[in-house]
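Report on the structure given below.
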Amino acid sequence: LKCNRLIPPFWKTCPEGKNLCYKMTMRLAPKVPVKRGCIDVCPKSSLLIKYMCCNTNKCN
């Protein structure tokens, strides 16, 4: 699986066991990603932070 880094077009190949790409954004600025990368379990979103997870190449 390949996931985008914080600044596209850079990306990285995920290590074994981390089979989701994720993007973390602040709810007040949803178009500005704070973090991107590979993860094993999608974290729950909160009042301030929103997580978007997916399982295809460079979908974050």
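Positions of Cβ are set from backbone N, Cα and C atoms, glycine also.
Disulfide annotation in Swiss-Prot: Cys53 is bonded to Cys42, selected among Cys42, Cys59. Recorded disulfide link (Swiss-Prot): Cys14 to Cys38, out of the candidates Cys21, Cys38. Bond annotation: of Cys3, Cys54, only Cys54 is listed by Swiss-Prot as forming a disulfide with Cys59. Closest by Cα distance to Cys38 (disulfide bond), from the disulfide-bonded residues Cys21, Cys53, Cys54, is Cys21. Long-range neighbours of Cys3 (disulfide bond) (same chain, six or more residues apart, CB within less than 8 Å of its CB): Trp11, Lys12, Cys14, Cys21, Tyr22, Arg36, Gly37, Cys38, Asn57, Lys58, Cys59, Asn60.
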